[in-house]
Amino acid sequence: MSGKPAYKRVLLKASGEALMGSQGFGIDVSVADRIANDIKQARSLGVEVGVVIGGGNIFRGVAVASKGGDRVTGDHMGMLATVINSLALRTSLHKIGVDSVVLSAIAMPEICESFSQRQATAYMDEGKVVIFAGGTGNPFFTTDSAAALRAAEIEADALLKGTQVDGIYSADPKKDPNATRFDSLTHKEVLDRGLAVMDTAAVALARENNIPIIVYSIHENGGLAEILQGKGRCTIVSDN
């Protein structure tokens, strides 16, 4: 691929829902394969890639709490869902010859390695795609927060959030035809306006560590490589 990438190392955050495709639940393997191909294109540009995937296509911890259940147990179940998704993505990457590893915030040595910042950066230095599973390993934190945390730990140049739409809008464009898309915002503007892109803890953590957030549609084939080359349609959240 041609074009010099704007970033050397990035953290990609993908929602669990993105893996569902047109299904109502679970993993659409064709979608996992497409995301894997996008990551392969990014690697062909020389960009080091870390990935955090949500678990909402399988389970959400807040769903337990909303029905009177134990939120901590629910969040633990959600963390396990992210491990399932991470293993699925690793399988898709393996099929196309991309070397990758899953590091979990929850110890499960028979399934994947445990996370450590030092090992994660070492793997990325070797050119491996590192998939971070298990969220932060703690309840009450979203996978958005986990993505911002891992981005800071690996010293990522940018946090890319692949969503259902091509950027940040003033309202849900699927519900409000008058919603306007922003080309750029500051972290403070996102927080002050309460824009639904990532939870406030994630945005604040990215701001504190001077990490730009780039929001784009994960459903565009080759979209990740386009963004990395500064060509794609997106919203950039940065204080610079």
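A Cβ is built for glycine as well, from the same backbone N, Cα and C atoms used for every other residue.
Listed in Swiss-Prot for this protein:
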- Lys13, Ala14, Ser15, Gly16, Gly56, Arg60, Thr163, Gln164, Tyr169, Asp172: ATP binding site (BINDING)
- 21-26: region 'Involved in allosteric activation by GTP' (REGION)
- Gly55, Asp75, Thr136, Gly137, Asn138, Pro139, Phe140, Phe141, Thr142, Thr143: UMP binding site (BINDING)
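Taking Gly55 (UMP binding site) as the reference point, the binding-site residues whose C-alpha atoms are within 10 Å of its C-alpha, out of Lys13, Ser15, Thr163, are Ser15. In the three-state DSSP scheme, Thr163 (ATP binding site) is classed as strand. Across the residues the record lists as binding ATP (Lys13, Ala14, Ser15, Gly16, Gly56, Arg60, Thr163, Gln164, Tyr169, Asp172), the two Cα atoms farthest apart are 24 Å from each other. Each residue contributes its Cα atom, and for Thr136 (UMP binding site) and Thr163 (ATP binding site) those atoms are 20 Å apart.
The region 'Involved in allosteric activation by GTP' (21-26): residue composition by secondary structure is 0 helix, 0 strand, 6 coil, according to DSSP. Proximity of Ser15 (ATP binding site) to non-local residues of its own chain (separation of 6 or more, Cβ distance below 8 Å) is seen for Ile53, Gly54, Gly56, Asn57, Gly162, Thr163, Gln164, Ile218, given in sequence order. The binding-site residues considered are Gly55, Gly56; of these, Gly56 has the fewest other C-beta atoms within 10 angstroms of its C-beta. Neighbour density for Asn138 (UMP binding site): within 10 A of its CB lie 15 other CB atoms from the protein chains shown. Neighbour density for Phe140 (UMP binding site): within 10 A of its CB lie 13 other CB atoms from the protein chains shown.
Applying an 8 A CB threshold to same-chain residues 6+ apart, the list for Thr142 (UMP binding site) reads Gly54, Gly135, Asp199, Ala201, Ala202.
Comparing Phe140 (UMP binding site) with Tyr169 (ATP binding site), their Cα atoms are 26 Å apart once rounded. Neighbour list (Tyr169 (ATP binding site), Cβ cut-off 8 Å, at least 6 residues apart, same chain): Ala179, Thr180, Arg181, Phe182.
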